[in-house]
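Engineer: One structure coming up, written as structure tokens, with questions to follow.
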Amino acid sequence: MHRALLCPFPATTPHPQAAQLANDCLEWTRKCGLLPDESPRTLDKVRSYSALAAHCYPDAHFERLRAICDYYSWLFFFDDVCENTSLNGAEPKVVSSLLFDVYGVLRGPTAAVGHAPFAQALADIWRRIGDGCPGFWRRRLIRHVENYIDGCVWEAQNRQLDRVPSRAVFEGMRMHTSTMYEFWDFIEYAGDLFLPDEVVEHPLVAEVRRAGNAIASFANDIYSLRKETSNRDVHNLVVVLMHEERIELEAAYARAAGIHDAQVEHFLDLVKHLPTFSATIDRNLARYVEGIRIWIRANHDWSIVTPRYNEPDAR
């Protein structure tokens, strides 16, 4: 069942300050009260989140990478809380209440005070990320985070109703619940190459972004399958295929891998035909697309080794 996924992109080299990043991020996570415990397993997970960020943005200015890395840690812990809250029987309105304060941080000028520590931690990240970044980029990032929040509520509703979404609905929502669009936004932030809306919304560029999202999202579903099936979570491409096509796990896994690989081929074809704008934008767009390639490969390699997915009882 573990056939290799297609990943024709070169292996990445981590940021030269990766070790310092890991130490700083762990200290920030501890200071903000995000750690559920101080077990070696939990600490290893935090270090693995830092390793992912260091490989995904190897050329970033360190302070910007710090903000990205802290967001990664925030996101992984927050995602687990939302998932575990609804899996343990809480109604979607409980998840919505948790998310409400986070939503307020995105829109408000000051830190929200409810549901600490997540709102306070995000407010700290948000203040740092906002410095010196153009308004159109901040609005885009906010929209993508809000779409993720809406996706968390949708998942909670599905769990309450014991509902497995159709493949079509799932794939559409997966583009938001995976948070990949935020990670693509961080490529701009890390490289100081902010692309105007008319560039990222160009149909061909938008399809490059969507295809890259699908590659990373479906790879995540495959690599996290053990974690999610142990949690009885249905929001996974393999599980959706099992349910919709009435096939066994092995066949669904192979189907999901094939869907992933087809998106890789589609992405490779798309990037041969990028539109042109101006000399500066064209250079930045090329760097942006290269950043997506780097991210996909870094995530592929990280997913194989991270304790988040690869412990015997990965949860």
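Using N, Cα and C of the backbone, Cβ positions are placed for all residues, glycine too.
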Engineer: Out of 13-21, 58-66, 220-228, let me know the one Swiss-Prot marks motif 'NXXXSXXXE motif'.
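Structural biologist: From Swiss-Prot, the annotated motif 'NXXXSXXXE motif' range turns out to be 220-228.
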Engineer: Can you dig out which of the ranges 79-83, 134-138, 164-168, 259-263 Swiss-Prot describes as motif 'DDXXD motif'?
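Structural biologist: It is 79-83 that Swiss-Prot annotates as motif 'DDXXD motif'.
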Engineer: Going by DSSP, is Glu228 (Mg(2+) 3 binding site) part of a helix, a strand, or coil?
Structural biologist: helix
Engineer: For the binding-site residues listed here, Asp79, Glu228, which shows the highest count of neighbouring CB atoms within 10 A?
Structural biologist: Glu228
Engineer: Could you measure between Asp79 (Mg(2+) 1 binding site) and Glu228 (Mg(2+) 3 binding site) for me? Cα positions, answer in whole angstrom.
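Structural biologist: So the Cα of Glu228 (Mg(2+) 3 binding site) lies 12 Å away from that of Asp79 (Mg(2+) 1 binding site).
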